[in-house]
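Inspection log for the structure reproduced underneath, given as structure tokens.
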Amino acid sequence: MLYVVGLGLGDERGVTVRGLDAVRRCARVYMEAHTALLALAVDDHPSSRLAKLEKLYGKEVVIVAGREMVDGEDRSDRILREATGADVAFLVIGHPFGSDEPSGKTTHTDLVLRAKKLRVGVKVIDSASVLNAVGACGLQLHRYGEAITVPFFTETCKRDHFYQAIVNNRWLGLHTLCLLDIHVKGPVSEYLCRGNKAYEPPRFMTVNTAISQLLEVLEMRGEPEPAYDEDSLCIGVARLGSDDEKIVAGPMGKLIDLDFGPPPHCLVIVGETTLVEEEMLEFYMIK
């Protein structure tokens, strides 16, 4: 059996009891590290984060499944081969499919599809994700439109494909959840050219960078009636689900200068609000 287990948010305790029971039964445990890093405490060394997991799960070793293992040339063959003869757990930050894009299959969906084609039993164990935990900011979940991802801009690539989704959501009066880019174990091109493998440290986009890039998109597009501007009401969220989570609402132009602390961060562009939502937002409004 292949168990795909959501770890939830915050720290190692975000996993459900059902998920914990399944992991403890498994002969081998992998932790996905391609789409996100576990926010046990991002300042910790990765080995200390793993140590916390291993202690909780009662396992001597939790194997980090990076890009090469999950969607490299072998395309998870190692994990699936082991699951044909034993129980194997594949741990995912947040919800098992919380990071999958609606436009097509991604890493976790592909793993499940391949397992089913090989007649490997699959059991998905749900957990919290940013897609539902964001309700803590006071906006009603059924009033959100399409979620977007804001990618890191580079000198040569400034993608603004997400802009139309914001336009559509605003036209419908819906809120927009902006998931912020994470670069995990990205290869350094200079070393790849030499035939060596070297990796950059992980980078987490902040609320400040996201707002800066969103405003830059407006300058690039130069539309007469933009979907948002510096006065648009937004909510900056940091470390959602953690004991020290931070939620602050205010105009884009004011949130851009606020220190939200360590990652992970996300951003909400507020649409039309109900009276109850407005009352909740008052508790988080920037002073």
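Our numbering is plain: 1 for the first residue shown, then up by one each step along the chain.
Each residue, glycine too, has its Cβ placed from N, Cα and C.
Database features (TrEMBL):
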DOMAIN    1-255  domain 'Tetrapyrrole methylase'
BINDING   Leu9, Gly98, Ser129, Val130, Leu180, Leu240, His265  S-adenosyl-L-methionine binding site
Over all shown protein chains, what is the count of other CB atoms within 10 A of the CB belonging to Val130 (S-adenosyl-L-methionine binding site)? 22
Name, in the order they occur in the sequence, the residues of the same chain whose CB lies under 8 A from the CB of Gly98 (S-adenosyl-L-methionine binding site) and which sit 6 or more residues away. Gly6, Val92, Ser129, Val130, Leu131
